[in-house]
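Have a look at the structure below before the remarks.
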Amino acid sequence: MYGRDPWGGPLEINATDSATDDDRSRNLQDLDRAALSRPLDETQQSWLLGPGEQKKKKKYVDLGCIIVSRKIFVWTVGTLLVSALLAGLITLIVKTVPRHHHRHSPPDNYTLALHKALMFFNAQRSGKLPKHNNVSWRGNSGLQDGKSDPSVLMKDLVGGYYDAGDAIKFNFPASFSMTMLSWSVIEYSAKYEAAGELNHVKEIIKWGTDYLLKTFNNTADTIDRIAAQVGIGDTSGGSSAPNDHYCWMRPEDIDYPRPVYECHSCSDLAAEMAAALASASIVFKDNKAYSQKLVHGARTLFMFARDQRGRYSAGGSDPALFYNSSSYWDEFVWGGAWLYYATGNSSYLQLATHPKLAKHAGAFWGGPDYGVLSWDNKLAGAQVLLSRLRLFLSPGYPYEEILSTFHNQTSIIMCSFLPVFTSFNRTKGGLIQLNHGRPQPLQYVVNAAFLAALYSDYLDTADTPGWYCGPNFYSTDVLREFAKTQIDYILGKNPRKMSYVVGFGNHYPKHVHHRGASIPKNKIKYNCKGGWKWRDTSKPNPNTLVGAMVAGPDKHDGFRDVRTNYNYTEPTLAGNAGLVAALVALSGDKATVIDKNTIFSAVPPMFPTPPPPPAPWKP
């Protein structure tokens with residue numbers, strides 16, 4: 001039987017069923033290859049070639065799943081082997097040849113100073129100290145606070161912070177300090193994180209807010225009193241009764257009674273405490289239970305502040321001698337703004353932006369201290385805080401008018417900081433005299449530096465290149481430069497080449513007005529008068545109060561490193577809080593700007609109310 005050969009020749013097919021595979025194979029091999037009319041491709045030839053010939057001409061490699069050219073296979077394997085050898089050789093050279101390590105750029109001065117400035121708060125802690133407090137010469141103290149005064153309602157007043165170089169716990173400046181620290185964390189948490197200090201600063205804030213919660217009935221919706229102060233310092237009239245100013249003792253050794261000062265009508269203190277708890281509630285928003293506890297306490301305090309009007313430092317009281325409050329209207333604006341951010345409740349915003357409240361707070365008139373943020377006057381801080389709302393959320397009517405006014409006044413305050421204006425004098429060394437040459441200037445300077453750096457970041461984040469001072473336009477860089485020059489002065493760029501932050505640089509105050517730092521921890525308990533020898537000695541303090549910013553130089557850039565002169569050498573909580581805030585604002589990379597949204601976490605979406613229609617036209 002013949003079949004059509006597809007390649008052009010006859011092909012005989014043996015149809016015998018019994019033919020073996022060998023017979024068929026033999027028949028195929030006997031074919032006359034000359035009969036093929038055209039060349040065969042390789043696959044077709046492989047059917048005809050014998051085993052020996054096939055091995056000779058095999059150009060492909062069967063890898064199981066694919067078939068590749070032998071040449072490509074050899075080249076690929078060879079390349080891989082050579083590459084492996086080269087890689088091994090390079091690794092060997094890198095491991096054995098000495099090389100220079102490229103280190104990360106060192107931290108800037110502001111970051112280095114920030115680490116130290118935060119340590120001051122560790123040294124000021126009262127109560128039972130945590131094991132990781134890292135201040136070797138401090139120990140547990142004030143463990144009887146509250147219990148030793150039978151006349152007060154709050155019996156557990158252990159904890160909190162000593163205010164300065166003494167052992168008094170003043171709620172008013174302490175609350176302001178916690179508000180400033182919280183504000184700086186809310187705005188610059190990324191910078192704290194980069195510096196490795198975020199957990200530390202949050203722990204510092206919590207130590208303060210935990211104590212503030214003890215000073216009133218924080219579980220109640222209404223209260224009638226606050227424990228405003230623990231310890232007294234009045235030494236007028238020649239009294240020699242042991243107290244926290246007459247005695248020079250380590251806090252750990254105090255054995256005299258520490259009276260508690262309660263207030264029943266203290267709007268300024270209650271509103272400032274409300275600001276501290278409200279701002280901290282945003283810092284701790286991830287800890288829902290604690291955050292809600294802080295918010296509840298802030299609401300209760302603010303209601304008390306509004307209902308029971310009066311200044312906490314009434315005439316003749318101990319607080320009036322040290323932290324006398326000039327008014328409570330600025331705290332109403334400040335506390336109302338913080339409660340709005342913490343709760344999103346518009347009633348607080350309505351209060352904070354009420355024109356009459358702003359008028360009473362001094363928003364519409366100048367005065368020598370206008371624009372100076374301090375533990376007493378919060379107006380400048382409140383104006384910057386509410387300008388933030390206008391810049392980023394712009395709530396419109398009915399808030400726009402007063403927010404616009406606050407925004408314009410913030411611009412005027414920023415203008416007053418610039419050297420081209422004469423609102424404030426400067427020393428020959430360049431330090432701005434915000435307190436007009438009075439003692440202890442640095443606490444005001446650091447607050448101004450913080451506001452300037454922060455407002456500069458607000459404008460940058462809002463894609464606004466600067467602001468107007470009259471007809472002149474100034475870049476945001478000018479504000480940042482002001483902040484830098486002032487902080488640089490404090491860190492050592494001054495005529496005395498002295499750092500006013502203890503432990504920073506090589507030349508800093510060695511006779512800080514501070515009881516704990518000036519008395520050695522030598523297991524000897526010095527009594528009330530026995531410690532005077534340490535107060536009056538000309539020797540340097542045996543303990544370094546790391547990070548403490550002292551009160552500062554005089555208006556002529558002069559400074560006396562004398563322990564008994566507190567106007568030069570005493571540090572305070574409020575001063576260091578402002579320093580920390582300014583340092584973190586200036587630290588790190590300028591590309592890391594503010595946290596635009598966290599402060600608005602509780603604020604609901606805004607749908608501005610349309611203004612009322614105009615009155616009907618009458619001819």
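Start at 1 and count along the chain as shown; that gives each residue its number.
Placed from the backbone N, Cα and C atoms, the Cβ positions cover glycine too.
Your range for region 'Disordered', going by TrEMBL and the list 1-25, 551-575, is 1-25. For the pair Glu570 (active site) and His513 (active site), the Cα-Cα distance reads 5 Å. Taking the Cα atom of each, Asp561 (active site) and His513 (active site) are about 9 angstrom apart. Summary: among the active-site residues (Asp561, Glu570), the fewest other C-beta atoms within 10 A of the C-beta are counted at Asp561. Per-residue pLDDT, averaged across the domain 'Glycoside hydrolase family 9' (110-583), gives 96.
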